[in-house]
Amino acid sequence: MGGSNALNEMTNGSDGITGGVADVYGEEFATQDQLVTPWSFSVACGHSLLRDPQHNKGLAFTEKERDAHFLRGLLPPVVLSQELQEKKFLTTLRQYQVPLQKYMAMMDLQERNEKLFYKLLVDHVEELLPLVYTPTVGEGCQKYGSIFRRPQGLFISLKDKGRILELLRNWPEKKIQVIVVTDGERILGLGDLGCQGMGIPVGKLSLYSALGGVCPSACLPITLDVGTNNQKLLDDEFYIGLKQKRATGEEYAEFVQEFMSAVKQNYGEKILVQFEDFANHNAFELLEKYRTTHLVFNDDIQGTASVVLAGLIASLKLLGGTLADHKFLFLGAGEAGTGIAELIALEMSKKTKAPVEQMRKKIWLVDSKGLVVSSRKETLQQFKLPWAHEHEPITTLIDAVQAIKPTVLIGTSGKGKQFTKEVVEAMANINAKPLILALSNPTSQSECTAEEAYTWSQGHAIFASGSPFDPVEYEGRTFVPGQANNAYIFPGFGLGLIMCGAIRVHDDMLLAASEALASQVTGEHFIKGLIYPPFKDIRKISAHIAAGVAAKAYELGLASRLPQPADLVKFAESCMYNPTYRSFR
């Protein structure tokens with residue numbers, strides 16, 4: 001072949017060019033102190049094709065494909081269908097007893113055979129979602145240093161300040177549509193995991209592709225490593241990040257500013273940047289700072305708010321009345337709690353035509369120091385001030401429940417076992433059907449379990465949680481707990497922004513997403529006490545959410561893809577990534 005002759009001339013000739021396989025500086029011949037060139041071929045075939053996760057089909061390569069791409073002899077003779085590969089992998093996966101082992105097996109598959117990974121996720125989402133995302137991903141992040149095998153995503157550290165654009169250009173895929181970025185300071189309910197928080201952007205983008213149909217090659221997970229204040233990690237010899245305390249203040253702000261500018265310069269105006277698991281003090285500031293200049297979305301603030309609002313809208317079929325007829329009490333006044341509260345107030349304002357400020361008075365927050373009230377204004381963080389209402393100080397949740405008498409209790413505290421028997425019983429005494437949402441992740445940090453909610457309320461509670469719980473048998477009835485999982489919202493929300501070429505995120509798009517999700521809950525679901533539709537229908541749900549978001553973007557003049565498609569649901573479905581194997585020439 002001409003290519004091999006050229007390579008021979010280059011490596012064996014006397015023109016001084018080095019780095020070829022046969023050259024003294026080639027990897028097989030060079031001594032440890034000599035430099036080598038990592039040669040590779042651009043066209044994947046043979047051995048390299050089997051190690052290319054985007055194109056590898058494993059034993060599903062046909063006889064014709066094996067001959068055409070030099071795979072003959074590199075694989076056992078059997079040819080399997082993708083369906084049989086799914087069955088084989090699931091059989092092996094189900095033999096593992098430890099969820100972390102299953103998580104690692106799924107991550108290995110993603111690095112080996114991308115299409116099979118996503119086909120499995122799409123076809124078995126209810127079984128596999130808890131493995132690739134909450135709650136198992138939390139343990140995966142905690143142990144990321146010791147289970148780290150191949151790098152996934154882009155790691156940008158303080159050492160790279162001044163070169164971030166160069167790092168973005170190192171990423172092999174050029175047509176990026178969505179970035180999920182974290183600085184690892186508040187990973188789920190687990191705190192500061194530093195660089196090991198990369199498991200979250202990787203997991204989130206897996207769901208963008210599996211549930212929302214965004215092409216995997218258009219997704220970029222990024223960790224901004226600004227250090228960690230977790231002493232355990234700093235002392236861990238296997239920790240993969242910068243071993244220094246977190247950068248703060250001006251140093252941090254300049255670093256993030258360079259990153260955001262580089263992203264826009266490299267990928268353009270319509271690149272979606274999702275902020276993920278930033279600490280409260282940074283999350284609000286970053287969203288506020290960049291929402292007018294970039295297409296940005298914070299899932300912890302906006303995604304959580306949208307999915308919870310959807311559950312509340314759907315629950316009205318069970319509770320009766322309108323949102324404005326209810327009273328809400330939050331345990332937790334951080335980014336999730338205040339984000340949900342603000343979207344609820346906005347929705348009530350839109351429906352009643354009353355000012356948002358008036359609607360906020362129906363919503364009460366409890367933080368670590370007690371009920372958020374006006375007498376505490378001097379010491380409250382800025383984002384809590386809109387929720388500081390006139391009331392005498394109250395320090396405990398049970399006293400707040402008895403004083404406020406809420407119809408809806410929402411937990412976003414990040415601390416487990418906060419909804420005690422006394423609290424749940426009080427909610428059941430106040431309401432015929434108390435709505436209890438224990439949203440903190442992972443499962444160990446949930447404010448109460450499904451069994452506790454149903455048992456302590458004597459079967460009267462309508463319950464949903466952030467992490468999954470099994471159905472509960474109580475006095476001859478089977479209660480199916482709902483899961484207020486952000487995965488209902490953000491994949492379809494992102495697809496909607498991408499498919500219409502949105503240039504900014506508007507709060508009305510979040511309301512549209514909530515209403516689209518709530519519309520997918522049917523009478524059959526309500527009979528079971530569900531306020532969210534089953535996850536098995538997630539691609540259909542995502543298409544409707546995407547259509548709702550895109551329609552609102554067109555209405556607000558924030559969409560750049562023109563003309564507007566006639567049927568946005570069908571258009572969303574046509575845009576979705578298909579993980580079924582393609583035939584090769």
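Heads up, residue numbers simply count up from 1 along the chain you see.
Cβ atoms are placed via backbone N, Cα and C, with glycine included.
Site annotation for NAD(+) in Swiss-Prot covers Arg186, Asn441, and the matching candidate from Asp67, Asp300, Asp325 is Asp300. Looking only at the recorded positions Tyr133, Arg186, Gly332, Ala341, the one with its C-alpha closest to Asp277 (divalent metal cation binding site) is Arg186. Here Arg186 (NAD(+) binding site) is compared against the binding-site residues Gly332, Glu335, Thr338, and the shortest C-alpha distance is to Glu335. Among the binding-site residues Glu276, Asp300, Asn441, the residue whose Cα lies closest in space to that of Thr338 (NADP(+) binding site) is Asp300.
Distance noted between the C-alpha atoms of Ile344 (NADP(+) binding site) and Asn441 (NAD(+) binding site) is 21 Å. Counting only the Cα atoms, the space from Ala341 (NADP(+) binding site) to Tyr133 (active site, proton donor) is about 25 angstrom. If you take the Cα of Lys204 (active site, proton acceptor) and the Cα of Tyr133 (active site, proton donor), they are about 7 angstrom apart, rounded to a whole number. On the backbone, the CA of Gly332 (NADP(+) binding site) and the CA of Asp300 (NAD(+) binding site) stand 13 Å apart.
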